[in-house]
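Heads up: the structure comes next, in structure tokens.
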Ligand SMILES: Nc1ncnc2c1ncn2[C@@H]1O[C@H](COP(=O)(O)OP(=O)(O)O)[C@@H](O)[C@H]1O
Ligand SMILES: Nc1ccn([C@H]2C[C@H](O)[C@@H](COP(=O)(O)OP(=O)(O)O)O2)c(=O)n1
Ligand SMILES: [Mg+2]
């Protein structure tokens with residue numbers, strides 16, 4: 001599992017290792033993991049997690065491009081929206097609250113979303129994660145850093161004109177409760193007010209890759225491809 005893999009990486013310093021493990025509250029499982037590895041129960045893996053956040057307004061094409069990135073570069077795709085919709089469908093304790101929040105075009109409390117992402121990361125055997133539609137607020141961003149204890153390697157921003165995003169969402173045809181004009185207008189306001197500051201934050205950190213998200217799906221992917229192709233040449237990916 002990733003948390004054991006990450007923790008066992010030789011490229012992470014031991015103080016960072018301890019800090020991360022305690023944040024994840026997994027020191028016990030970490031040491032168990034080491035013991036199991038020593039016994040040969042788990043195949044040894046030494047890859048550091050490689051995290052990509054995929055940002056952009058509603059309908060900017062995040063999910064569509066994530067499918068292509070998965071096919072070409074073998075990432076695990078974790079869509080925050082899909083994880084939240086799965087919670088609604090499973091009728092979990094948070095389901096009704098999540099449904100109302102999504103209908104209103106608002107953002108679900110960060111701890112709920114980060115816990116869902118954390119669970120998926122822990123279950124995955126992959127070390128390359130595409131985290132789609134997250135972080136959408138500064139609160140999301142800080143919560144991820146506090147709970148997961150790592151920062152993204154790459155942040156993709158699909159930059160798309162509002163008119164085009166509205167057109168795409170209204171044609172999406174996936175039966176989503178938020179794909180209507182009233183909710184999309186609210187979502188665009190939330191995007192401007194709460195998500196753009198996150199995008200600016202990563203721009204200032206030099207981690208942001210802005211993609212002009214107009215044109216065909218293939219044309220857009222030709223802007224995405226070289227970003228990961230360059231990382232593939234490095235030992236980190
Ligand atoms: N380049 C594109 N041109 C036209 N339509 C697109 C393009 N990329 C995606 N779409 C369509 O737009 C809608 C929204 O795309 P999606 O990937 O779900 O965006 P997001 O995840 O950012 O909301 C979907 O119906 C998708 O098929
Ligand atoms: N980090 C996130 C991601 C999604 N959500 C909620 C609120 C969003 O409007 C919905 C839908 O998100 P999703 O990423 O699936 O939406 P788009 O693909 O951008 O249309 O889920 C959230 O509260 N917090
Ligand atoms: Mg999406």
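Using the three backbone atoms N, Cα and C, a Cβ is placed for every residue, glycine included.
Among 168, 187, the residue that TrEMBL places alongside 85, 106, 107, 108, 133, 134, 135, 136, 176 at the ribonucleoside 5'-phosphate binding site is 187. Put simply, 135 is the one of the binding-site residues 107, 135, 140 whose Cα lies nearest to the Cα of residue 64 (ATP binding site).
Cβ neighbours within 10 Å of residue 62 (ATP binding site), excluding its own Cβ and spanning all shown chains: 23. Recorded residues residue 59 (ATP binding site) and residue 140 (CMP binding site) have their alpha carbons 20 Å apart, per Cα-Cα distance. Across the structure, residue 61 (ATP binding site) and residue 107 (ribonucleoside 5'-phosphate binding site) are spaced 19 Å apart at their Cα atoms. Neighbour density around each Cβ, counted as other Cβ atoms within 10 Å, peaks among the binding-site residues 61, 133, 135, 215 at 135.
Checking the binding-site residues 60, 62, 63, 85, 135 against ligand 3, the ones whose Cβ sits under 6 Å from it are 62, 63.
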